[in-house]
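Have a look at the structure below, then the notes.
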Ligand code: NAP
């Protein structure tokens with residue numbers, strides 16, 4: 001039996017990168033998959049077509065995770081379409097890097113709203129249904145940068161550190177309802193988000209990683225499958241680093 005058979009998952013920001021890899025892996029593992037995208041409409045529709053061909057129930061929704069009302073409506077639409085919601089993966093995220101001296105208020109707000117407020121929006125809406133069902137697994141994608149900090153990413157690091165505090169608080173609040181809340185902290189993962197970085201800099205980073213390579217979306221997706229499945233039934237409030245040993 002596939003470990004996510006019979007479960008329904010909602011993944012934000014799955015038109016590409018890590019979210020896309022999670023959607024693909026969840027469908028492979030037997031889950032019914034709802035996912036979102038925002039600007040990459042064609043990619044979102046292509047993913048829906050791709051995954052539907054494997055027999056899973058799959059639907060993509062165009063929805064802005066940073067918008068409270070859109071998030072509420074999204075969860076209502078998903079529950080209406082799929083009948084329930086067992087797993088929420090808060091993955092949508094952006095970067096607007098710059099040193100603090102040059103960071104604009106717009107770039108601060110955009111990153112905090114997309115990366116952190118979105119997690120509040122979706123979790124609040126989803127847990128309403130999970131509490132009724134007395135089961136749920138919430139997986140928030142943070143970053144090693146939220147643990148360590150990073151020069152030039154004060155906004156991003158703050159959003160990702162905020163996710164960790166939020167994840168643990170939800171675990172404490174909702175454990176008694178059998179709702180688990182965990183975070184994954186990826187290290188350096190090769191996606192479009194990291195694709196624009198200078199090749200020489202990237203090579204230097206890889207050499208500093210104990211496993212001597214960048215991670216893939218699949219590396220993160222494998223961890224997400226574990227946290228989504230009943231195999232992690234006694235794990236909540238944790239941050240799992242998937243970083244090739246980068247912070248060790
Ligand atoms: P990516 O390739 O740039 O993909 C980001 C995804 O988020 C896209 O599908 C994008 O959808 C979606 N998105 C952005 N804003 C959104 C919004 N307001 N509402 C809904 N969806 C939105 O990035 P990635 O590298 O896969 O990163 C995914 C997550 O992992 C992020 O939270 C990121 O911070 C985290 N992470 C990444 C790394 C890394 O090394 N790549 C490391 C640590 C953590 P559209 O394109 O359709 O707008």
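Each Cβ is built from the backbone N, Cα and C atoms, and glycine gets one as well.
Going by TrEMBL, these are the annotated features:
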ACT_SITE  156  active site, proton acceptor
BINDING   91, 156, 157, 158, 159, 160, 189  NADP(+) binding site
DOMAIN    7-192  domain 'Ketoreductase'
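Annotated features, which come from TrEMBL, shown on the structure.
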residue : record                       : contacts (Cβ under 8 Å, 6+ apart)
91      : NADP(+) binding site         : 11, 12, 13, 14, 18, 19, 22, 141
156     : active site, proton acceptor : 95, 96, 97, 111, 115, 143, 145, 150
157     : NADP(+) binding site         : 143, 145, 146, 148, 149, 150
158     : NADP(+) binding site         : 112, 116
159     : NADP(+) binding site         : 93, 111, 112, 114, 115, 116, 146
160     : NADP(+) binding site         : 115, 142, 143, 145, 146, 185
189     : NADP(+) binding site         : 17, 18, 214, 215, 216, 217, 219, 220
Hits among 156, 157, 158, 159, 160, i.e. recorded positions with CB under 6 Å from ligand 1, come out as none
Expressed in angstrom and rounded to a whole number, the NADP(+) site built from 91, 156, 157, 158, 159, 160, 189 spans a maximum Cα-Cα distance of 19
Across the domain 'Ketoreductase' (7-192) the predicted model averages a pLDDT of 98
Residue 91 (NADP(+) binding site) -> DSSP, reduced to three states, gives coil
